[in-house]
Every structure is written in structure tokens, then in C-alpha cells.
């Protein structure tokens, strides 16, 4: 018995040694059968691995594998390897995601697997695909099947619990006009498959519009990828394939069938923080950040849908409708304007004929021997001849002129050429001899109420040349500015198409219709309104210049070169804005506003030039100021710090005071300062400080105060979605509006004064100009309403810009910004026509009767 006990003890000891040896040296692989939609809990360590086998399936739905573990750590993660027939996918738990605050760790993970037979599935039409889902017999006959094996392991010596769950993604195949909702995180991406329903060829098929919405601020990345495996669905690799964009609350993209003829995957994954969607990612951040970099709220609920876009036929239809409406409006306004011009000339001819008849009757009563041959003015001729009256003496065969004939000639000249009765020759001689003399400057400065006659100090040929310089400068700036514009937008557009980075261009993706080489065709097309109305204004200006009679000593000097500059600037605005909208972004924002600056300054300069001819700034100085303004705007946008605003306020205040002084002293600031010092020495400081032209002084002081208030308002509100360039534009446009209002107010005031003193109210604006004023007010109101409803914003990050994206509001083709283009183009045209016709009633008024204000 003792021996038997010893033998049994030895056997037990050997078995224990064998067990210990197995625990220390053997690696176990445990095979396990898996069932879909069931949680599988495993315990793994460095010596034990689980392999889960799933039954072969004929379903078209892809698998989604959920894996979680609260006991794993970054040093000893759990590895999940998923093997299918044609591919393998692996990841670790916890999953590490980069953020600006460091690496983020996620213990709950999931991955959607690419279907084994996705290449065959892509050959099925969308309608049949949705109809065959669930019919396993049909799928099996077509040879569709999928294998799935999952292995779970770790290098950690301590046992770690892992939960695995496999589900079929039943909402994987997307249908049109149907809302889909999902929850995503940086460790749980999702993707779906869309297949076009129609079978027409790719070139003529309707594009589809993908709309994405989220109720939280989580930063997402959405990608459109070809329907092939593998699918890049993690933050590290989602940008490797197809198109992609960042999303914060709202996003969208238009996909054309020829880009993805077999359908496409829609991939979503959340970012580790909101840096890529926040303003710090923007090249031009606001000073007060509304969104900080935060590593919280990683889970986001996202909804999306797909809807059809428009066909090529629709593009052509809307294009021809747009061109037809614009052509019709231009034809209507052109005919109306030319008809008004014709009636105005006809009215003047009738008045001249009546004056001639009265002159003839008066002459006949004085001398019956005087025979007068009168050549009437043809009403159909737009040209008015100043030599339509021919008098010939035939008294008893005497061909010498009589006293009565001389009296008739003098009388006729006094009526027909009343503009030249106030010592014209002496005036011209005096101006030519004393134009640059101190005597003439002092004489002008001492005038309490100067008239236009006192300020026309340059020869008409010189004034015409200076006016033409504005036109030439606009053309030069347009050419040199337009060449780099085209180059830059073409490069940006190609870069976006080649890289797939939709964050390069700031489109309204919910209403950006791609056509031909244009990714945003409707926003390019809507700029054609500027071109139509610009060319129409140039045509009207040409007709008026060559058909409207003009006197060198009557009426407001017509600087038509300035009007040509305005028409060309309006046309260039359409061209450059169209180029900008090919790929709007933070690198080319100035292309859309620079000629708006030009037009605003031209309007202000033209109004000032009307009442201050010969002393206004020349074209070179004006465009130098414009260049400085654009430079300041660019610096302010790129670096809008507080000190930039302080410098702007100081410079702008100094500029306003300087310009006000030049206007008050009639462009002779030095002479005015000398007069001030002389008056101070001779009559005292109080007399020197008393303004000679009190009305001018009060108006100019008010203008300076208003401008300082406007620039201070910009300083206080600059952090509320108002960039420096837009603020500068509002500043210039505001001055143009204020000056125009003041100009019209003064004309009505002077007309009321003339009527009160039984004089002809020549200053009263014409009915045509009042009609243009009414139309300008209406269209500007509509324009600014839609401008404030902008559908994108280039000064923030692309994701924040997409938050403003809106649907089309007109013909399912144009959005709010398109309507801004149309309405602002017509508003600018009406404003220009207002300036062109505002002083037409003064065309026969002697300049010594036209008041300067």
C-alpha cells in the first residue's frame, strides 16, 4: 500500500508540473460560434485568443462590428481583427484619436465592413437593389454571400473582458427623398451606399444633392467615395479618397453621376475636437472667437437625405429665361431713356422755335423793310444748330446791313445765346491769364456765395481730358486686376477638383449647381446682370453725349468720361464677381468688392464734380486713395487687431478733415491758411475763426461728424460678423447715399426758393430723374435685404460658412445671394441714371445763376 500511495503521489505531482508548464508556455486559440445581433463577452489575455466564426450569409446588408472594453488600456490594447473573403480590417481598443489637447481614448468602437460582393452589387440598378433586399433565395441564386471571422487578442497578462456584437446595417442602401438618422463618434464612423435609380447615361443624368444636418456643435468630416473596397472611414485616412468636407451643424454637396457611375459611399466620422471647424482653422479669424477648441461632446446625431438636382435641359431653360428677362429689361429701360432724351430735345427745340418766332414778329414791327429768312428747326433732328436764323437786308437793293438788322442780331443773340451775355470774352481772357495767380485764388476764396461760373477755371479741353482719365484708369485697373483673378480662380478650382477638398471653395452647397467647368454655375450666371446694365448705361451715355446739345457756358459741365468710367466699372464688377464665385474663398475675397469701392467713389466724385468743376481731384489722386483703401482693407482683414482699428479711425478722421478743408477753401488750402493768418493779424482771432461761407461750413462739419460716427460704429461692431472689407464698403456706400440725399435736398430747397421769388424753378429735378430715384430706392432696399441673408461667409472656417447654406429660393435655381446680384445690378444702374439725368433742367441755365453747394 505504501508503494501504491507513493506512485499515486508521483503521478499527481507530474500532472501538476505539466499543468504549470502548460500555463506558462502554451498559447490557446479558442474558436467560438457567433450569432448576429447577440452580445458576445470574452475574456482574453496574453495567452488566450478568441476566434469567432459566423455563418455564411447571402444578405446584401453589410456587417457592422461593435467592440468595447472598459478594462483595456493604451499600453496593452485589445486587438480586433476582422477577416472576410477578400479583405481584412483591424483596430485596437481603446482607439486613440488625435486632438489639439492631446490623444483621446475611446473604449467603445465600431466599424462597418465593406461587403464581399460590392463590385457585383454596384452593377444592380438602384430600383432593383431596393426591391431585392430581403429575398435571400434570389440573392443566393445570384451568388451573393459573405464570410465573417473575428479574432480578439491582447498582449496584456491580466485578463481583459471584451464585448463583441455583430449586426447587419439594414439602412445601408439609401433612397431619395428619405431622411436618415444616425449617431457617430470619432471611434464609431458610419457609411452608406447610394445607387442612382435612373438608367440614363452619366452625362445626361440628374445630379443628386446630399443635405446633412446636426443639432450640436460637434465637428464632422463627410466624404464621398467610390463604391469600392476598402472604405476610408477614420480621421487618419478619410481624406485619402473622393471628395470630403468638414461640417458643423449643416453641410451639403452636389454629386454628378459621371463622377460615380456605379454609385458612391457616404462616409461620416466625428473629429476629436472642433478645431478644424472653428475659426482658429480660418486663415482670417475674428478677434472674438465664438468657438474654442474643446475635446468634449464627441457623440453627434446626424440626419441626412438625398434629393435630385436639375438636368442639363433645366440649366439651358433657366439660362435663357435669365438672359431673356435681362434683355427685356434692358430693352425697356433703353427705349424709355432714349425716348425721354428725344422728348427733352424736342421740347428744347420747340422753345427755341417759339423764341425765334417772337423775335421775328418783334423785328417786323420795327422795320417793314427788313426781310428775314427763317430756317425752322427739324423736330426729328437730335442736333440743335445755333445758326438757324439768317437775316439779309434787301432794302432798295442795298446789301449792307441796316441798324435794325444789327439790332435784330444783337437781340437774337441775347435770347438764343443768353448763356454768353456776361462778358464771356473778358471772362475767358481773365481766366487764362490769372488761372494760377494768387489774385484769382484770393478772389474765389472771398466769395460768400460762389456760383458755378466762379469755379469753372479750366479750359473745356482740359476738363474733358481729366474726365477721360477716369475712364482710362478704370480700364487699366480692370485689365491688370482681371488677369491674376482668372489665374487664381482657375488654379483653386482645379485644385479642389483634383484633391477632392471641398473646403477650398466657399459655396452654398445646398444651391450650387455645377455645369460644364463651373462648380457653382448659378452664382456665376447671376453676375451677368452687372454686365447687361453696365453696357446699357454706356450706350445711353454715348447717345446722350453725341445727341444732347452742350454749351460751354451753360448748365453743369458734362464730364462724360466719368460716366463712361462708371459704366465700365459696373461691367467689370460683373466679370470679377463672376470669377470670384467660381471658387470663393479667403484668398480672393477682394475680387468681389474692389470695383464696388470704385463705383462708390466715382459716384461721390461725380456729385462733387457737378458743382465744383475744375477744382475736383484728378483721376490719379482718386485712384491712389482707392488703392490705399484696398490696402488698408486687406491689412485689416488679415490682421484685424485693435491697433489696426485705432490707426484706421485716426487716418480716416484726418482724411475727412483734410477733404472738408479742401472743399471749404475751394481746393486752395494753402491760400485759405494764408488768409486765416492774415485776418488773425489784422482783425483778430474771433474774426478769423468766423466762417465766411456759413452754410458750407455747417454742411461740411455735419459730414465730418457723420463719418466719425460711422467709423466708430464699425469699431464697436467689428466682432459681429462684419469684416474689415465689408465695413469699408458700407462706409463708402454710406457716404455716397448721404451725399446723394444732400444733393437732392439742396436742389429742392433752391427750387423752392426760386419759386418763392417768382423765378423759374430750374433746380427742380426732372421727372425722369425722380423716377430713377424711386426705382433705385426700391431696388437697393431689396438688394440689402438679400445681402444680409447671405448663404455663405468667407471670413470664417468652411464648416461655419456651411451653417449659413440655404436652399434655392427662385426657380429652384437661384439663392439669396443670386437675387442680391440681380437687384444690386439694377440698383446701381438706376443710381447711375439718376446722376446722369439729375441736372438736365439746368442745361440752358447760365452758370452764373447755378449755385454751388
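Quick reminder: no glycine exception, Cβ is built from N, Cα and C everywhere.
What TrEMBL records for 1-19 is signal peptide.
The annotation transmembrane segment is assigned in TrEMBL to 320-343 (among others). Long-range Cβ contacts of the transmembrane segment (320-343) within its own chain (Cβ-Cβ under 8 Å, at least 6 residues beyond either end) map to 382, 525-526, 528-529, 532-533, 536, 539-540, 543-544, 547-548, 768, 811, 826, 829, 833, 837.
Counting same-chain residues at least six beyond the ends of the transmembrane segment (470-491), those with a Cβ under 8 angstroms from any Cβ of the stretch are 559, 561-562, 564-565, 568-569, 572, 575-576, 579-580, 582-583, 587-588, 591, 594-595, 598, 602, 605, 619-620, 622-623. Among the features that TrEMBL reports, transmembrane segment is placed at 470-491 (among others).
Annotation comment: TrEMBL describes 524-543 (among others) as transmembrane segment.
A Cβ distance under 8 Å defines the sequence-distant neighbours of the transmembrane segment (620-638), meaning residues of its chain 6+ beyond its ends; these are 284, 469-470, 473, 477, 589-590, 594, 597-598, 601, 605, 644-645, 648, 651, 723-725, 728, 732, 795. The feature transmembrane segment is assigned by TrEMBL to 620-638 (among others).
The transmembrane segment annotation in TrEMBL covers 644-665 (among others). Tertiary proximity for the transmembrane segment (644-665) is limited to same-chain residues at least six positions away from its ends with a CB under 8 Å from its CB atoms, namely 445, 608, 612, 632, 635-636, 671-672, 691, 693, 696-697, 700-701, 703-704, 707-708, 711-712, 714-715, 718, 724, 731.
Marked as transmembrane segment by TrEMBL: 696-718 (among others). For the transmembrane segment (696-718), the residues of the chain that approach it from at least six positions outside its boundaries are 287, 640, 645, 648-649, 652-653, 656-657, 660, 663-664, 724, 727, 730-731, 734-735, 738, 742, 853, judged by C-beta separation under 8 angstroms.
Among the features that TrEMBL reports, transmembrane segment is placed at 724-746 (among others).
TrEMBL lists 767-788 (among others) with the feature transmembrane segment. Non-local neighbours of the transmembrane segment (767-788) in the same chain are 337, 340, 744, 816-817, 819-820, 823-824, 826-827, 830-831, 833-834, 837-838, 840; each lies 6+ residues outside the stretch with a CB under 8 Å from one of its CB atoms.
Counting same-chain residues at least six beyond the ends of the transmembrane segment (819-838), those with a Cβ under 8 angstroms from any Cβ of the stretch are 329, 333, 337, 340, 523, 526-527, 529-530, 532-534, 536-537, 540-541, 544, 563, 566-567, 570, 573-574, 577, 599, 603, 606-607, 610, 740, 743-744, 747, 765-766, 768-769, 772-773, 775-776, 779-780, 782-783, 786-787, 790, 809-810. Residues or ranges marked as transmembrane segment by TrEMBL: 819-838 (among others).
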